[in-house]
Amino acid sequence: MTEETIGSRRRAAVRLKAARKHKPSSQKWLLRQLNDPYVAAAKERGFRSRAAFKLIELDEKFGLIGKGARVVDLGAAPGGWTQVALERGASRVVGIDLLDIDPIAGATLIKGDFQDESMETALAEILGGPADVVMSDMAPNTTGHTATDHLRIMGLAELALDFAFKHLAPGGAFVTKLFQGGAQGDMLNLLKRRFAQVRHAKPEASRKDSRELYLVATGYRPDAS
C-alpha cells in the first residue's frame, strides 16, 4: 500500500469521524457527499459543484452550447454551470444571482435580480447581441411537501422562460430545472409553440432519489404565437 493510499484513507476516516459528530440530518448529508463520485470528480476537475456534470450531460445529448455561443446562466451561484459553458466553447457567459459568486475567469458575474429592468441594458452591452442559450438550475428552498415544492419551482421556471423570451436569439435554446409533478402542462404547451423541439431529461448526475428533471427547448421561434 502506497503512502498516498494510506493518506487518502486517513483523510476519509477523519471526515467520517467528523460527520458522526453532527446531528442526523447533517450527518446524512455529509456521508452522502463523501460517497458521491460526482462530488469527488467536481473537486478533481475544479468545478464548483457536482451540478456541473448535469449540464455536461445535457450539452452532450442536445448540443446546446456551440463554439462562440452567448450564454446567460440564471441563478448561477456557485458557478458550476457557468464554468461548464466556458469550458465547452461559449465566448461570452453572464452569470446572474442574488448571491455573491466568486470570480470566474472569462465570465461576467452580476449580483442582482434578473427581472430588473436595468438588466436588459446591461446584458445587451455585455453579450453584444441576443443570447444563444438561457439556462437555469434554480431551485426553491424545499419544504418536503411535494405539491408545494413543485409549484414553487414552476414559478421559478416560468420567470426564467419569460426572461428567455426577451433575450434569446432565433434558434436559441432554453434549459430549466423542474420537479416532477402535474403543473407544467401550460408551460409545455407554450414551449412547443415557441420552440422547434421540447424534451425532458434526467442526467445520470442527478441523484436517484431526486425528483428533479430538466426541460430542454431548442430552436427558438420568436415570431411564433
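Just so it is clear, glycine is given a Cβ too, placed from its N, Cα and C backbone atoms.
Checking the candidates ASP113, ASP116 against Swiss-Prot: the one annotated together with GLY79, TRP81, ASP97, ASP137 at the S-adenosyl-L-methionine site is ASP113. Of all residue pairs in the S-adenosyl-L-methionine-binding list (GLY79, TRP81, ASP97, ASP113, ASP137), the one with the greatest Cα separation is 18 Å apart. Cβ neighbour counts within 10 Å, taken over all protein chains shown, single out TRP81 as the most crowded of the binding-site residues TRP81, ASP97, ASP113, ASP137.
Restricting the binding-site residues GLY79, TRP81, ASP97, ASP113, ASP137 to those with a CA within 10 Å of the CA of LYS177 (active site, proton acceptor) leaves ASP137, listed by sequence position.
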